[in-house]
Structures are given as C-alpha cells and as structure tokens.
Amino acid sequence: ERRRQRMAVRRRQRRGPGGGRALLAALLLCVWCRAAAERVRYAIPEELGRGSLVGPLARDLGLSADELPARKLRLSEEKQFFTVNEENGNLYVNERLDREEMCGESATCSVNFEVLLQNPLNVFHVEVSIEDVNDNSPTFSKATLELEIGEWTLPGARFLLEMARDADLGSNSLLTYQLTHNPSFTLAMKESPGGKNQPELVLEKALDREKQSSFDLVLTAVDSGDPARSGTVQVRVNVTDANDNPPVFSKAVYEARVAENLPAGSLVLRVAATDADAGDNGRVFYSFGHVPESIRTLFTIDSESGEVRTTGPLDYEGKSKYNFRLEARDGGGVTDLCEVQIDITDENDNAPEITILSLSSPVPEDAPVGTVVALLKVRDRDSGENGQVSCELSGEAPLSIVASSGGSYKVVTAGALDREQASEHRVTVVARDRGRPALWSSRELVLEVSDVNDNAPVFEEAAYSAYVAENNAAGALVLRVQARDADAGANGRVSYWLAGGSAGAAGAAPLVSVEARSGALYAQRSLDYEQCREFTVAVRAQDGGSPARSSTATVRVFVLDRNDNAPRVLWPAAAAAAAAGEAAGGAAAPFEVVPRSAEAGYLVAKVVAVDADAGRNAWLSYELVQASEPALFRVGLHSGEVRTARAVSERDAAKQRVVAVVKDHGQPALSATATLHVVLAESLQEALPELSERAAGAEAAAAELQFYLVLALALLSALLVLSVALAVLARLRRA
C-alpha cells in the first residue's frame, strides 16, 4: 500500500499543475462518452485490498442518493470481484485482484459486468481495467548456469546465457542484466526475435585450464519497474578441452498452428539443430529453456528427435497463443536457443450460456405492449462465428425477444395479456451460435400473469323464472341465481343485491330478499295468488374489485294458485234472503213461484256462485242435495239452473224447499250450499196465503224454541245449586 501511494505521488509530481487540468478534461470527456454509450469504465492497479474504492458508480450513472433505494442498484457478474454500497452507490473491491492470475500474459486485462437498475428496468455495462503493478521479480529457471568453454576458445567468443522471466507486463517486464566484474569475461546484449534483451557472455582473455579450471560469476536481472525488482543466478564457467562447434537450429523462430481440444500426444511441430563436431560433441539433445510450469504441463519435447507434442488439453478460451524457448545442447555442453510460437485455433466447443439477469413476475394482465419482463445475458466463450449468438423464443406466448447491447437481450410483451385465458406463460429461450456444427442451449422462462378487474360478473341466465305456491311460509326459498366472474381473488368475489322491481308489481321489492353471498332469493311474507299473480325483480351481481363491476338479471316470479277459497253463492244468498225478509216486514224469505201447470224442464231459478281461485280450483259444479219432493226438481251440473224434472201435479205440496250444493274441483274440494223456497201457485195472489201460514208457522216454531231454551236454563241453574250444596255438605262432614 505504501508503494502504491509513493507511485501515485510520483505520477502527480510528473504531471504538475498543467497535467492535472489536462487529466481532469480527459476524465470529463471520458465520462461524457460513457454516458452516451451506456458503458462505464474504470482503471485500478492490481493487488488493491478488499474494500478499496474503484469509483462513484451511482454518480457516473446519473443517480442521486435519494434514488438509490427505489432503483435497487445491483451487479450481475458471475464472480463477485466487486461490490456496490447500497447507501452511497460507490463501487469497491471485493477480493484481491492479481493481474497475472486473471489474464496471464495478455496485453490488456479487464473485468466486464452489468449493472442492473429497477423502476424502470435498465442495464449498464461496466468495464474495470486492471493495471499492472511491479509485484513480480525476475526469476531464472535454475539456481546455477553451467557453461563449458574450451581453453582454445579465442577472445571475443560469445556464449548465450539464459534469459530471466518476469511475470509482469510492459515496462515492469523490461529486463536489463548485470554481471559481476571479472577481467576474463564481460556481458553483452543481443536483441531476441521477441524484442527482448538476450544476455551473452563475452570472453575477453584466453583461458588456460591449467591455471584456472573454473570461474564463478553472478548474473543479475533488473526490471524497469518503480521501484525496480531483481533476480540473480550463479554462472559457473568450466574450462574444457576442444569442442569448437556449437549446435545450430535450422530456424531462429518455429511457428505452428493447431486446433484446440487436440488429444494428448498429438504432434505440434519438430525442431532440428545440427552440430559440426564429431562424436559426443556433435550429438544434440533438446530440452525446454526457462519456461513456466504451465508450458511443461501442456507440451513435451523428445530430447533426441526434437518433436514437440501435447500432454494436456489445449483451450483457446483459456489461452490462444504460447511462446517459449527450446534449447539444443551438444555432448560438450555447448547450447543454442530457438523461439517457438504456437497459435491455438478456435473450435466450436462451447455452447452459449444464458443468464437471467432479471425476471419481472408476475406481470399485470393490463401491461402495455412492449413492457420489459426479463433481462438476459447470453455469452459464448468461443470467438469469431463460433461466438456469434442469435436468440429466439420457443413456445406459444405473446412475448418476443429483442437484442440489446453487450450481448444482453430483453424479453418484452408482444401482445395483450389475458389472465383468464392463460394465468402463466412458459417459453423457452434458445441461444444458438453460428459454428459448424452449431451449438445451442436453452433456458425456460415462467411468467405469471396477475389479475386485473377487467371482467364483470355474468349470470348463467339473463332472465330467470320462478314458481311459488301461494300461502307459502315467510322465508321460503324462491330461487337461487348465480353469476360467475372470470377474475380471481377479490376481483372475482361476487355479491348480490336487489336492484328494483317491475312497475306493474307495486310493492314487489319487499316481497323477496336476496342473500348477498349465495344469490338465494327468499320470500319476505306469505304470497296470495288472488292479490298478486306475478311480479318481477332485478338482481344485481357486483364483484369486489376497485372499481367494482356489475351486471343485472331479471327474475320473474309466478304465484301458483291453491284451493284456499270456497265457492260463494251470489243467488240465492242468506244475506239477500234476510234483506228481503226485512223488506216484507218479516213475513217470509225470498221465494220462487212455479205455476201448477208447469211442465218438465220449467226454469224455476238459477243458482249463481263464484270462486276466487283459478283454474280447476275455480271450476264449479252443482248438485241437488235436499228437496221436499226430490223427484220434482233437478239442478244443472255446470249451469246451476233449477228446473222441474216432471210436470207439477195437484198432489204436490204448495210449499217446496230445495237445497243445492256448489263444489269446486280443488284438492281437497270446497263447497257451499244454496237454499231455494218454491211456492206452487198459478199467481202471486194465490201464493200469499201460503206464505202467511208459513210465517205463522215460523213464529210458532220460534216461540216453542224459546220455551225450550228457558226450560234448559232453569234445569242447568238447579243442577248448579244442587252441586254446590252437596260440596258444602261433604266438606262439613269431613271436618
């Protein structure tokens, strides 16, 4: 941390005041460009500690602190290298970042991820560049380098030394070399094909093995970082006898291009070196130079044939190019080096990967067309056409998929949603690359549709008919109506109300009531067919939505007749008879005069009766039940006409009494009687004496009846006095 602070101070000192203003202008221009492209870029050095600030992410996205809770700022990266503070919206380091582990020898190293915002749903792309820090020292593959130099070697001869390796990049990996002072040797530099410095040991003085058989030197590699790092290796020079020809590779740089996923043991390339010496000094052996361990796990070299073969799986997505050095050494220890460059070509071996960044479920059924319901991230690790992906939706649903920037896709509504037809939609997102053969992957999306009160209750019938027998009990069930609402929850909960009655049925509304939950109509009181034969009420069904929706149905109630009214005789009636008697001074009841010359079928009178019921209950029939001369009269069964059944004779009594019964056809039948007095006389004057005798007889009968009533009352009084006396005597005797 102190080293990074010192580096920052030096950079500020180098920039000066003018450099600060230029940097500020560049930053403002960069922020403006990011906003235009919906991409935010940051650059941080590697090895920052957990919790280190990367940048004010919310501010760069144009969000204020007050908007953060509602917009729900979050990151979508698979591996959480970074985290965002929910309170201030700043982006922080979540774990230690090692550029060499993450990107290897790549010239650039960055982490890309998406930032999701809700309300409304949006996605931004963020790129964080990881800058190299000089945190690796140069290293040599061996602790000691052995060189064999013949004593006959002339001054000026050069010997290649091993190059150190620095895992850093840029200036941090540019190496310079230093050699401990020795009068017999100096250090020279040679530019290698890769542009790096190749150290060479230069012989300055002729060697004499008999005077000194070996030399111990120290080679130091120093990088160009700030502060610089270094590494050392011991160089031991052994003075030998003649081996005056070094091995020579046929090429300075060997190149090969192989496909990824080669099976282990596949031939990559073959190197060849020749040595002009004879015997062991001319026999060449091949080996790796100073290479990292990762190279040795992927490749192997045959020490005698120079064939380089694979030993592990090659993955283009992991690394697309390998550079390393091979060494040729003869039997005398003299070496030569060559550069090997292996390019890995991409194979379509990675199917697209679908990541659901956000899914808005459930979505209301009244959502407008074009509403974003899901955000997807599709990634194919292959390159070129193998990594070009197209997406489509599979399944019957009013949804479509729209490509966005940076490999993102939006799933939007393409038509109206109707929960009543489909409460959920299942679609499959299919991502397919353009490789040959093409690879694909799929991911199922389940979108639930929430209810909106867009349906009114619907009655099973627009008009109902109900039949109720009269004289019903109060509270009797008349009819049960039912309405269905296709909505759900409170929107589909139906209540029933009375919405009025027909104008022709005065007082119809109080006759019935409706139960709000079940829709059952009950009679409020007993119904009378003779007062109200039918009536109409309107029932309204209303749901529990807001605003509520309703519909109305008509219920027509028919009152059925029961035989609850007996026939009523209009003529002759008892009241009419009484009125007629009073008008005549109490002399006689109404009578009919029939001449003695009347023949059979003579119309004596007509019994007139009515029944307040209807139908069969009001059909009347007439029968003769009593007559002074039963054979003299007959009554029409349906007409009620009283006619003579035969001709009147002199033997027939002058006064005749005829009793007829009137019956209806109900179950059970009800009846009434009519009494008709008939006088057989040629004229009214002839009939008057008979009527007077009849009145006198009636008075005598009344007096006789009065006598018997007084006698009965006297007997009852005596019986009561006797009972009281006996009760008193019994009590006295008991005392």
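Even glycines carry a Cβ here, placed using N, Cα and C.
The feature domain 'Cadherin' is assigned by TrEMBL to 76-140 (among others).
The domain 'Cadherin' annotation in TrEMBL covers 141-249 (among others). Helix first, then strand, then coil: DSSP counts for the domain 'Cadherin' (141-249) stand at 4 helix, 54 strand, 51 coil.
Annotated domain 'Cadherin' per TrEMBL: 250-354 (among others), in sequence order. Sorting the domain 'Cadherin' (250-354) by DSSP state (H, G, I as helix; E, B as strand; all else coil) yields 10 helix, 48 strand, 47 coil.
Among the features that TrEMBL reports, domain 'Cadherin' is placed at 355-459 (among others). For the domain 'Cadherin' (355-459), the model's average pLDDT works out to 90.
The annotation domain 'Cadherin' is assigned in TrEMBL to 460-569 (among others).
According to TrEMBL, the feature domain 'Cadherin' maps to 594-691 (among others).
Residues or ranges marked as signal peptide in TrEMBL: 1-37.
The feature transmembrane segment is assigned by TrEMBL to 707-730.
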(request) Helix, strand, coil: count each for the residues of the domain 'Cadherin' (76-140), based on DSSP. (result) 5 helix, 25 strand, 35 coil
